[in-house]
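Trainee: I am attaching a structure below and will ask some questions about it afterwards.
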Amino acid sequence: MGKKLCGTNYPTSICFIVVNEFCERFSYYGMKAVLTLYFVSYLKWDKDLSTAIYHAFSGLCYFTPILGAVIADSWLGKFKTIIYLSIVYVIGHVVKSVGAIPTVGNTDVHIGLSMFGLILIALGTGGIKPCVAAFGGDQFDEEHIKERQKFFSIFYMSINAGSVLSTLITPILRGDVKCFGDDCYALAFGVPAALMVVALAVFIFGSGMYKKTPPQGNVLGEVCKCIGFAIKNRWNSSKDGLKRKHWLDWAEDKYPKRLIQEIKMVLRVLVLYIPLPMFWALFDQQGSRWTLQATRMNLAFGESFTIKPDQMQLLNALLILVFVPIFDLIIYPLVGLCRIKITPLRKMATGMIFAALAFGAATLVEINVVKTVVEPAPADQSLLQVFNLADGDVSVKVAGGNLFQDPIKKLQDPSAYELLPLGAPNKELRFDVMFKETSYSCSHEFEERKAYSLIVHEKAPGIECKLVEDYITKNEDGNPNVRFFNTLPEAMNITVGETEFYVPQKYSMSANSSVNRGPYAAVRCSHQTKQCENLYLGLLDFGASYSIVLVEEEGKIVAKKMEDVKANNVHIAWQIPQYALLTAGEVMFSITGLEFSYSQAPNSMKSVLQAGWLLTVAFGNVIVLIVAEGAGLEQWKEFLLFGCLLLGVCVIFSFMAHFYTYVDPEQLSKMYAGDSGKEEEEDDDKKKKHDDIPLNEKETSTKM
């Protein structure tokens, strides 16, 4: 008998298992929290490819538990499976972290290391998923049922604790810590890797205290063999016109009736699983599409507190802890008082509706979010805005066009870009500039799909035009972009926060760089020969792109701020309703679904249903992968599509649920309990007779 905790019936070994699970979940969710932004910002993939790879990884994490269960049940046992696959897990984390170090190879090396690391992580986390909780349950004696139930509650809490803390911490490590001159993804992946090393070390440290059960045989494999035999036997007997009540009854020639009856019960539940992947297709987009949506929103709560876009995911884990007792203790009893019969399948259908409503809310948010986004120009067109730095109003006309009808005032911030027709992929256009009743002309080459600023300034004997290419794409981490235009005769060095700008002299533009969001009342600047007074830039807000013109006024250098791309004006708090709706849907769908599945299957078949449940999550991620890469829709239309698809699936699921008859697996156990010995004798006699008859008679017997 193993050691107990402080005189209780709790084995000491469960402490190591709970700590192991906390560290492992921290490593998994911490890595996954920053994964989408890593693809977009570090590997420079577009949003659709980033979403597709994110969900391909998530799907693989839910396919591999089947492999882990087979290895544990048929070969290594749970303990060795956890050890060996955790080592694979650690190697994956290390490879993934190395791939995020900019000095290690080129982009192709980073992509290769990242993909190899993610595959190893998927094998590790998925492989140990079905083993750890079951291994913890194995530590208890059969008579300590209440203690085992409390252990699973503590185990579940450790999962949520690891998820909440990691989703809070790793985005801070990514964004607030700078390494190699940029966001520190190597640290954001390295800390989860270290936690996985701790998880493995803790688990190994407790090895002398564990109760280790040998492999019991693979139930899933036995079920597959039975189904395969029934199909084969029915096919071989179809020519003789023989019939049986159920197609699985054709397996009675080889397998016991109890097993066949249990498989029938499981298949009835698995058929109900067919529509379920659509729910997970919506649910798992919290870490991909919803995180990308958050990057284009205002992330500030007051003047001093801001959150990272990838931190919003922790809201789901927090709301789960709040919603579970609210639903169990308040909502379900109140609905019951209204004489509405609450069944598990009705709860699940309602959960689907809530998830669809969440994507309806996400659609409304997205429609407003994109109002501040500058869309690239279509083919054979460019985008153009004009900065007037001359000492007076100017009028700008494009040869053969009707743009810029109104005069442009000095240092006027352009309200929006104008579409400039080219009629070809590249074209040189002439501009006529009217200044103080004198017309000047200038010509510049334009390229389709790009955005430009035409800067008009005085230069003896008249007006000069300078064309610069603009950066209109919002930063994926939500921070603003800044560039400086110098009208002074000397070059300048400017430091905005931790970002340094070199601004060439005489009407030249600096490079475009990202800076942290915030108010900048006193920015350091210097000439090549002397210091200058601090510049006032004001608030550089989330999602904006600024062109800051440096001019001299009354002997002082002054910064004039132009907003090329508008700041994000939809607050991140508007994502809270969609998270609340989706989490409410999760409580009714996911928790109820597991409860329903376990209540409708015999004890020996629960692992089969667990495998089926995990596969619904995997196929849900496959659906997102296909839509993200194949549909090519605007984001708000894609959200609306997913919501409508889930409502349609909900109707189908409700129709299927209407014809489902609930069963009690305990009745099956009682029905076969008294007949088990008799059935075994019949099976032995059947096998003996089957071996004694000639080959041609064996075939006839099998067909019957």
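Backbone N, Cα and C atoms are what each Cβ position is placed from, and that goes for glycine too.
Annotations for this protein, taken from TrEMBL, read as follows:
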- 52-71: transmembrane segment (TRANSMEM)
- 83-105: transmembrane segment (TRANSMEM)
- 111-132: transmembrane segment (TRANSMEM)
- 153-173: transmembrane segment (TRANSMEM)
- 185-206: transmembrane segment (TRANSMEM)
- 265-283: transmembrane segment (TRANSMEM)
- 314-337: transmembrane segment (TRANSMEM)
- 349-370: transmembrane segment (TRANSMEM)
- 608-627: transmembrane segment (TRANSMEM)
- 639-663: transmembrane segment (TRANSMEM)
- 673-704: region 'Disordered' (REGION)
- 690-704: compositional bias 'Basic and acidic residues' (COMPBIAS)
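Could you tell me the structural context for the features on the list?
Mentor: Distant neighbours of the transmembrane segment (83-105): 24, 27, 31, 38, 42, 68, 71, 76, 111-114, 116-125, 127-128, 180, 182, 185-186, 188-190, 192-193, 196-197, 199-200, 203-204; these residues of the same chain sit at least 6 beyond its ends, with a Cβ under 8 Å from one of its Cβ atoms.
Residues 17, 20-21, 24, 28, 31, 38, 43, 57, 60-65, 67-69, 71-72, 78, 81-82, 85-86, 88-100, 104-105, 607, 610-611, 614 of the same chain sit 6 or more residues outside the transmembrane segment (111-132) yet have a Cβ under 8 Å from a Cβ within it.
Here the transmembrane segment (185-206) has Cβ contacts under 8 Å with residues 12-13, 15-17, 19-24, 26-28, 30-31, 34, 38, 42, 82-83, 86-87, 89-90, 93-94, 96-98, 100-101, 166, 169-171, 173-174, 177, 179 of the same chain, all six or more residues outside its ends.
Using a Cβ-Cβ cut-off under 8 Å and counting only residues 6 or more beyond its ends in the same chain, the transmembrane segment (265-283) has close neighbours at 223, 248, 345, 351-352, 355-356, 358-359, 582, 585-586, 589, 593, 596-597, 600-602, 605, 608-609, 612-613, 615-624, 627, 642-643, 645-646, 649-650, 652-653, 656-657, 660, 663, 665, 668.
Same-chain residues lying 6+ beyond the ends of the transmembrane segment (314-337) with a Cβ under 8 Å from its Cβ atoms: 160, 163-164, 167-168, 286, 575-576, 579-580, 582-584, 586-588, 591.
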